[in-house]
Amino acid sequence: MKSKSSISDLIRKLFTEKIIYVVLLVLIVVIICIEPRFLSVSNFSNILAQSSTRIIIALGAGMVLLVRGCDLSTGRMIGLAAVISASMLQDVGYAYRMYPHLKELPIIVPLLLVIALCALLGMISGICVAQLKVPAIIATLAMQLVLYGASSIYFDREPYGAQPIGGITPRLTKLCTGGVKFGSFRLPYLTIIAIAAIVFVWILWNKTKFGKYIYAVGGNPEAAQVSGVNVKKVLIETYSLAAVMYAIAAVLEVGRIGSASNTTGNGYEMDAIASCVVGGVSMSGGVGSVGGIVIGVLIFTVINYGLSFIGVNMYWQYIVKGLIILLAVIVDMRKYAKRK
Amino acid sequence: MKKIVSVALCGMMAAGLVAVPAMAEDLPILGAGIYSSTDNFNSYIGKAIVKASEGKFKVNIDDGQLDQSTQLNQIDTAIAKGAKAIAVSVVDTTAAPAIIQKVQDAGNIPVIFFNKEITDKNVVNSYDNLYQVTSTGGDYGATIEGEMIAKYWKAHPEADKNGDGKIQFIDLMGDPGHTASQPRADYVKKAIEDAGIELDVLEEDTGMWDTAKAKEKMDAWISKYGDEIEFINCANDAMALGALQSIEAAGFNEKGAESEKYIPVIGIDALPEALEKIRSGEMMGSVLQDASTQGTLIVEIAQNLINGKEPLDGTGFKFDTDGSKAVRVPYKPVTVENVDEAAATYEGNAVSTEVETEAQ
């Protein structure tokens, strides 16, 4: 009797709370039915590679969502970090270098530079939100505009003007497009980096004091304040740390795409927020997990990749993505409505 | 808080007021605007206008940010500052009448539309002091691209990997909202078919002019078709570079044209990086749209009109005879044979020398 009810419970749960995974499964099955070639190791490897940087970005954006924030500057911050790091990572043999006399730099130098820069910029967003009480959406919207302007100025100048910054050193592109072979399966290096990021963020959120503070501040800032959490400090650190994630992702994007321009990163904040929401991060803060975010990103990448694979036109892809976001949020709302 | 904001705003406005007269010289003002700095070629014309304006005009390139109302405001501002001529690449070609109204109201000052052509003849003829500078024809370089593909195909019988006589073809199109997207897709295929070659289009979708998007599309396609693909055609170089990045990760084209697994990739724009890839053989070719000549021409037309001369006086160019009042600067095919010539476009003072050779 008991087991029967638990099965029906599971099924009910599957069609309410876990409906998003059902949708993913259905989509994959439909894609495979239309195009059996979808089931190949190279596709799997591609999906992993395409998800990797997105996971790093979404973990940053998700961290901000956890503290009841919302970072609209994600994409443009990636753009700025991308053009700056790309300009310093052009191959010395490339004819159209932004800094023709720049010596060959180890990848770590521009990486640390953009990490420092983004940490500072994230801190500014954090201070606006925490100290000056600017609504997060406004503070980061302003930041987004400033960053786009700044990256366009940096990018669009003599001698070559608004040309994509290309000729990226193979040391970086090989790292971002290569992988470890396991038979016919290739595990992209990017995925290994993403896994490292996942582990790091998981420990941060679940095993450290800072992580507990993030959830506390997101769940109920007043209560957190009363119980002795320095809410402002936590907010500023969260924005700053998220920006560090963007900086790392930006350098990896440069290697993956092989160039950077002022359009690099455009719209990434929406992809990241959508992935978080689909992965169960609540827009009202305090709720969300690393695993959920990873699944959220994978869902979108599978949709993106799978629909391209079977030749579904871009316009339809937008519609499918929009519906999935809506579905995820409706399920999310129902979950909380029930609890209340 | 409110106070801080208003003080900051006042400060910014004051700075703006100070900045404007500080630049003032006797040169006439050319009000110039591009439709978006995200379009490489468009902003490259902007650069060329600035370069060509040296000693002739005071000019600042406004970025329309893909928003027609922003651009109209920028034109208002330029006119209010006393612009003697307007050169603009419209965000939305149907907004041309609104711009014409503004330049008429400003005392019939000349307006030059560039890059995006106003195709409605009624609009073009509604104002005398209107001219256009664009690239050849409504095909946006795609005919030349198609001819290059056909020429390559005929010269390389081994390119027909499966021997069926048809090109197994991948087509990455531009942003569907952009005027050049559909024509580029249509004319390239038309040119190939006109050359008597049959096409088998495996996939055709938009890459939104974007390297990252094109790469992601290509990741899926190269995994699906692999070496079945016989040609990758891209509506611009940014996408061609993304497609190339993708197929190289799959083991194609890494050693240029001599690679064991090779798929010819072609784009349009002749971006510096694409030129490098053409030089190394990783890309088969590109098409150069001549930004520097266009920018120089725009400035020369504006100067002629202000001085009451014939618009094309001394430029060596002629208007197209189709009544569009447009000068069409030709596209050039770029392959490994003439890649250095194309690269010269990007060198320091290419603008002035370029014009002289064009004029002959």
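Cβ coordinates are placed from backbone N, Cα and C, and glycine is handled just like the others.
Caution: TrEMBL annotation is automatic and unverified by curators.
Annotated transmembrane segment per TrEMBL: A:20-39 (among others), in sequence order.
As annotated by TrEMBL, transmembrane segment applies to A:51-70 (among others).
Residues or ranges marked as transmembrane segment in TrEMBL: A:77-96 (among others).
Note on the transmembrane segment (A:108-129): residues 69, 71, 73, 77, 80-81, 84-85, 88-89, 135-136, 139-140, 142-143, 147, 235-244, 246-248, 250-251 of its chain, located 6 or more positions outside it, place their CB under 8 angstroms from a CB of the stretch. Annotation comment: TrEMBL describes A:108-129 (among others) as transmembrane segment.
Per TrEMBL, the feature transmembrane segment maps to A:136-155 (among others). Residues 64, 68-73, 75-77, 79-80, 82-84, 87, 121, 124-125, 128-129, 162, 165, 260-262, 269 of the same chain lie 6+ residues outside the transmembrane segment (A:136-155) yet bring a C-beta within less than 8 angstroms of a C-beta in it.
The feature transmembrane segment is assigned by TrEMBL to A:187-205 (among others).
Among the features that TrEMBL reports, transmembrane segment is placed at A:276-303 (among others).
What TrEMBL lists as transmembrane segment is A:315-333 (among others).
If you count C-beta pairs under 8 angstroms between the transmembrane segment (A:276-303) and each of A:20-39, A:77-96, A:315-333, the highest count goes to A:315-333. Tertiary proximity for the transmembrane segment (A:315-333) is limited to same-chain residues at least six positions away from its ends with a CB under 8 Å from its CB atoms, namely 16-17, 19-20, 23, 274, 277-278, 280, 282-283, 299-300, 303-304, 307-308. A Cβ distance under 8 Å defines the sequence-distant neighbours of the transmembrane segment (A:20-39), meaning residues of its chain 6+ beyond its ends; these are 14, 278, 295, 299, 302-303, 306-307, 309-310, 324, 327-328, 331.
Long-range contacts of the transmembrane segment (A:77-96) within its own chain (CB-CB distance under 8 A, at least 6 residues past either end) are made by residues 57, 102-105, 107, 109-111, 113-114, 117-118, 121-122, 143, 147-148, 150-151, 154-155, 160, 163, 165-170, 172, 243, 246-247, 249-251, 253-254, 259-266, 268.
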